[in-house]
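Asker: The repeat 'WD' feature in TrEMBL is assigned to 43-73, 140-172, 369-401, 813-844, 887-929, 1043-1085, 1520-1548. Residues or ranges marked as domain 'EML-like second beta-propeller' in TrEMBL: 138-402, 810-1077. Feature annotation from TrEMBL assigns region 'Disordered' to 415-440, 1081-1108, 1136-1163. The compositional bias 'Acidic residues' annotation in TrEMBL covers 426-440, 1089-1105. Summarising the annotation, TrEMBL assigns domain 'EML-like first beta-propeller' to 528-791, 1226-1494.
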Amino acid sequence: MVKLVKFRPVLCLGFGPEDTTYSGTLNGDVYIWKGNNLDRVIQAAHNGAIFTLDMSEDGFVTGGKDGVVKLWDSDFKSISSINLSNAPEGYKGLCVRSVCWRGDRVLIGTQDSEIFEVAVRERDKPQCLVQGHAEGELWALAVHPKKPIFVTGSDDQTLRLWSMNNFEILSKTTVDQKIRSCGFDLEGSQIALGMMDGSFMVLRSRDLSEVVHIKDRKEVIHELKYSPCGKFLAVASNDNFVDIYSVEQRYKQVGTCSGNSSFITHIDWSDDSKYLQTNSGAAERLFFRMPNGKHVTNRDEITNIHWYSFTGVLGPEVNGIWEKYTDTNDINATDAHYKAEVIVTGDDFGLVKLFKFPSLKKGAKFRKYVGHSAHVTNVRFSHDKMRVISTGGADHAVFQWRFLPEGAVGADDSLADPQSGYVDSNSEESDSDVSDIGEVDSDLEQEKQVSYDRLVGKEDAATLKKMMKEEMASGQKRKRGPIEGIKLQYVHGYRGYDCRNNLFYTQTGEVVYHVAAAGIIYNRDKNTQRFYTEHTDDILCLCIHPLKDIVATGQVGRDPAVHVWDTETLKTSSILKGQHQRGVCAVDFSGDGKKLASVGLDDNHCIVVWDWRKGEKLATTRGHKDKIFVIKWNPYDQNKLVTVGVKHIKFWTQAGGGFTSSRGTFGNVAKLCDMLCVTFGKTPDICYCGGSDGNVFIWNDVTLKKVVKAHEGPLFAMHSLDKGFVTGGKDGVVGLWDDQFERCLKTYGIKNNAIAQGSRGMLIKDCPAVRAIVLGHGKILVGTKNGEILEVDKGGPMNILTQGHMEGELWGLSVHPHKDICATVSDDKTLRIWDLSAEHKMINFKVLKQAGRCVTFSSDGKFLAVGLKDGSFTVISLDTMDDVTSFHHRKEEISDIKFSPDPSKYLAVASHDNFVDIYNVNAQKRVGTCKGASSYITHVDWDKSGKILMVNSGAKEQLFFEAPRGKRITLKNAEIEKIEWDRWTSVLGATCEGVWPPKSDVTDVNAACLTKDRQLLATADDFGFVKLFQYPVKGKFAKYKKYVGHSAHVTNVRWSYDDNLLVSVGGADTSVMVWKHGSAENRTTTCGDSDDSDTDSEEEGGYDSDVEREKNMDYGSKIYVNPIREKEGVKPHLQESVELDKPSVSRNATAPPKVQRSEVVPSGSKRKKITKVSVCIIAEDLQLEFIHGYRGFDSRNNLHYVNDGADVVFHAAGAGIVQNIASGAQSFYLGHTDDIICLDVNQHPKFKGIIATGQIGNPPSVHIWSAATKKTKSILRGEHSKGVCSVVFSCTGKYVLTVGLEDDHKVVVWRWQEGSKVASVPGHNQRIFRAEFRPDSESQFVTVGVKHVKFWNVAGSEIVGKRGILTDAGTGTQISRLQTMLSVAFGAGNLTYTGAMSGDVYVWKDHTLMRLVQKAHTGPVFTMFTTLRDGLIVTGGKEPPSRENGPVKLWDQEMKRCRAFPLHESGKKLDVVKSVCRTKGKILVGTKENDVIEVGEKNGTIQVLVAGHAEGEVWGLDQHPSSPRFLTASFDGTVRLWDISTKALVAKLEVGPARSVGFSADGDMIAVGLKNGEFIVLQTNGLKLWGRKRDRSGSINDVSTLGQEVIGIWPKDSSNGDVNCAHLSHQGKALATGDDFGYVKLFEFPCQDKHLMLPMLDLHMMIGSSSVQVEMIAVFLCGSVYRSEFRKMNHPTGYSVTCMAAIMETFRVVISVVSVQYILIVH
């Protein structure tokens, strides 16, 4: 160890072998560290601060403020030094900031921006490689008029002369002031410098010697310039003046330009030297006559001036350098090149830009170049105009650029070079050149303006659910949900109007596409569909994996997600979210399929690249300010991609977590337009994109090579294959091209006359715009803007596969009265007739004159009435689709329309004008009007007789009218229910009260429809749900089943004529969905995926006290933050000398009374010095030896075999315990800080003996540790609060699944080796008892809990869950209530078994209930274990003691046969098993009584491995006076006798809750104090009752911690933590105490000084808790080594120590009781 040193600030670090670290300090010392200990100090290694330290193969090198570089060997002994200050190119004050030693050379960086290289062997000859200005702003710049030389001046007070050819400094000088401007004279022989103090200086160029130094101004000189004639020097200052000096008269002042209202920024001379122009900080441009400085205002005179240079930023010539609508001072410098007609600028954004000159209109096009970090202060062209010099202010860097005039050789190529500094231009942002603007395409403009914002969505459903619970009155029940359900069968529709490239063939030849929130897999041969419905809003984009088996879809939303899913299984592989806003508009897989790129709808259209399997973001960047339509990976390079969009094509290269990019260079080949699609050809450099002008743009790298006219109008879609390309455009033509895009091989016009016979549908109009196109399976697959999907045979015929409505809201829906036909009308101005049978196609249509809002069939099905948006309606013949009649009596839209029942004599027409008009169909006239509604009409219904109309309004009114006149009538609720209604589509009234969610308005539920048997009410709502309710839906917030598929608001629902089908239509999603409703005989077989299984508390399937206690256990009160246990009484040192009652001590007691303020220690008094002690003190090395106990009363599945069944692992208190079965020896993991309540063992061979344990705490943690070494492998924390109640490893051993005790019981999946979270999700609003991975999957797991079973899938960084679907399970009776589930096991074929509170075991296939194993146990099935070796299942439950039956059962793989293992053959107590584990003919059992038992499978033999007190506090403890035994008494009602030598329970006796216990002097008798005030006397031999007596009503305590002799044992300021127990040693000189902090402490006795300070003896852990229900006994063995100082022992639990026994003479054992039910022995 080194002597004590004053620690200095450390400025640099280096590392050596064997955990050695070197650090350089501010005072020049080098500290050398071993681990985290300072080993030695090399003092004065440098004379000043050491700024840099580097390690090489040969040793170390340091550099410091003293300008010295020192070389050191590997032991840090000095080798040599290099003093740069004394070198030829050195200077006084040189400071070394960076060093690098490699081989025989050292690189040195200085504070003044120099880089030197030194050869180790020639240390006196440093070579300067790079020079630059030092710290300070760099503004001054001038170029030599005749030579490739320029000069710069800086705030570092140096002037430097540079060579452009050799890139080196020619000479430099230092002046007394900061330099802010400079200029050469006409010949370049003199240089003028403008200073910060207002002076200027003239130097000779050849030797930088001073010519003159003049100071006429007080403020900084911003600019100075010699006149072209060489006779004058103009000097512009910050005090608003320009002074003119005569060069010939030795710089005599000959004039002054005044009139500027602000500081001068720029000046320029005219060609003839007769005029000077100035720019000022007030954006003034003034003109002056030279040399007198007279202000010129004559416009004609000014117009005729020719300027020698133009370096100003104001004037019409440079309007274009400023962005439109801005008036700022952002541009610092310019310089015009007249011949090339360009001007270069430097601005505050660090950009160097090139504009055309003159640039007359604001917002001109430009090229921009990067490199400078902050503001560019000055720019100048060289004398020959071939170079540009730019200077950076804060970066004090000088950049030299090569200027490439238009048409110069290599100009275009150099722009593509990333080293050129050219990054981009915003040329498309300017409309200065009107000739650039092409014709606007209406479809494109409409697509650009689509808004995807949502007022409400599916994500709001959870919020409404919480509101519902708040609004429910106490004790109020929700009406039961329906038993029957529906299933999605077919969807009519395809989203083409604002999407593209969203249609593909899968690996199996099926077609994948999307509409609404559904991904659809369409079988062309069978005309059937399968659906992916995990999205919560509109899908906007779709792409397919290169292997054609995985699809990615992106959606709209506040936090929009990309879902990656399998086309065969329809299971989610990954969900990617958290990076986009509003929506995801484009996605694409990389060529190798490993990465996925997505584009968002935020203002910057951010691009994100994902590792989609892991769900991790790899890179992100801003895309473009306008919409990006397509993103496409280069299939040959996994780091390159292209984006196209509004006036945009950009080529990107992923670079780590970001991107580099290049915008496409058009040159003279074509003009930029909107780019709509992109694809690649056969080589990585060639790509093709389609433009809004109908051209195909062919690119080589980033340069446009060629343009081919392909379509009339925008080219929306293109696809490439090996043999060529296929394109599709707005012109409705499909083009087939060769592989070079040189020749169009064939075109296909999409027209009705090309549609093949038997096609499933018909075109609404010819030549619909093509939005998606793909080649495959010998066909061309085409998606159109009008919602059709066609398959084009290369020979010519076309087939319509499916179709849907076009863009526009879809509201109107009606079903045929006796056929499987429905009609829909939409804002797309079409009426469509759909076949609902297996054909699933559109069988007819009619184009309407206006947007349609409602439709209805007549009772005979021959006519249709259609209500239009303009307030008119029309009646149409179904056969001919011709108009029969029409009326237009209303101004606002017709919202509902209904024919009266048979014979359809009347037609009720409801409008937003608040009226319902009644028409006589036969007479074709209006015969009545229903008035009285205070708002627009939403729904109308007829009764069966056709005489009464029920009307709903937007004011939530339910009104009734007589037909045909429309007289209003009043009906009571009972009467309404008695009336037989023809069709019920009303959403109001007492019978529909329960359909409305909380806080809802009248627009939230859009439609309803009742089945003919009046049992099921279907509703359509604004959250995108189709719901089923049991009718009548009385009372608030009835339970329901909800179904997803639609994206936003569902506008209408209707049951088919026979109720076998339900049809729903989406508003903005334009889809028509057909749902299958089970037939009468099988309606009870399934409930549907969307079963809302929230049930009332009494529906759990019975009551069990053990389950109830566990469910309601409050772990928050047990967490050890500060001592939680409170006590009553007065501290000993505050006690007066009167006899006080003994304090009552209990956990979670009521708040204690306030105590007196602590006494002030009298001056001069000292704390007792602890030096020598003559009694036995705790040995220096204590080791935990044994723990009696196991946590079974509130934990489960926490007992496992390890080491091939030789050992068992379990936990007690805060200790993980590994016990050898043969020897009984225990070893411990003591890394936790609070109660462990769950445990699991990694079953994978790669991670043999790896254990996971979860604890309570704030925050809680999960520790991963080795059973062999007891070393921590990983700690997981940060996601849970209160505690972790379940932990389990995945089958591969790489992942850990945890469940928390927070209110939403969060479920988290971790990569435990990295300590990182994979994904998390709220689990359930009530307690989850157990979560387990499937043994054959690392992504699928199941959770069970209070009325809860859920099947989860880890999808990337998200977790997707499905509730279990209840069925009749083969019982013939529908199981409508989900019980509380307690345990889970697994079988082959995706079977899952869950143990219920009733004793039944539920058997699930996927997530559907298949059967019940009834009464697998008499009581709750608390634990299940799946044996991976043979698939057998072990269950543990609650059973009465019996010879035939038992709480442990071994089942076959299908759980049909079992064998029971009894634990007790008789007794009053029920056997309760909380944990089971099986291996090689043995079953390990953990009980609620906290015993660990091993059962032999062959003969059922029982061996108790661990015993402990059951639930209840332990307070009583005493040791036998002469033998190695001790007694404990607990609130669990038992007195127990233990043997210390054998670590075994000798005997126990049930006596009732006991508080204290003691041996007689000879050890033959035992006295037990009971909680009820009674005491009993037992014989030690056999614990036989000798007698009992009760003289007190309170509990019998035995605590002695009061009195003047023990004042010192009380800790200072421990208002909540007190000493519970104490015991004096036999020699009377040492006192042991136990306290609420979990410590056992030793004091010298008597302890009369307050607040004795003791060193702590660490038992390597402190586990805080204050559980009210558990007890512990700890035994500490003292060895033969004694220490002469007091120590305190920290209990392995951190629980309060409640009692202290004497020290045994023979074994010198200290026994303490703490509030856990475990027994610990420490030696």
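The backbone N, Cα and C atoms fix where each Cβ goes, and this holds for glycine too.
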Asker: What parts of the chain pack near the repeat 'WD' (813-844), using Cβ distances under 8 Å and only residues at least 6 beyond its ends?
Answerer: 490, 492, 527, 760-762, 764, 800, 802-803, 805-807, 850-861, 864, 866, 869, 876, 878, 881, 1051-1057, 1061, 1063-1065, 1070, 1072, 1074
Asker: Calculate the per-residue pLDDT averaged over the repeat 'WD' (369-401) and state the result as an integer.
Answerer: 93
Asker: According to DSSP, how is the repeat 'WD' (43-73) divided among helix, strand and coil residues?
Answerer: 0 helix, 18 strand, 13 coil
Asker: Considering only Cβ pairs within less than 8 angstroms, which of the stretches 138-402, 810-1077, 1226-1494 has the most against the domain 'EML-like first beta-propeller' (528-791)?
Answerer: 1226-1494
Asker: When the repeat 'WD' (369-401) is classified with DSSP, how many of its residues are helical, how many are strand and how many are coil?
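Answerer: Grouping H, G, I as helix and E, B as strand yields 0 helix, 17 strand, 16 coil.
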Asker: Who are the long-range neighbours of the repeat 'WD' (1043-1085) in its own chain, taking Cβ under 8 Å and residues 6 or more past its ends?
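Answerer: Same-chain contacts beyond the ends: 454, 457-458, 483-493, 495, 497, 515-518, 531, 533, 535-539, 555-556, 787, 804-820, 822, 824, 826, 828, 834, 836, 840, 985, 1006-1013, 1016, 1018-1028, 1367-1368, 1374.
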Asker: Write out how many residues of the repeat 'WD' (140-172) are helix, how many strand and how many coil, based on DSSP.
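Answerer: Across the repeat 'WD' (140-172), DSSP assigns the residues as follows: 0 helix, 21 strand, 12 coil.
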Asker: How does the repeat 'WD' (1520-1548) divide up by DSSP, counting helix, then strand, then coil residues?
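Answerer: Secondary-structure breakdown of the repeat 'WD' (1520-1548): 0 helix, 17 strand, 12 coil.
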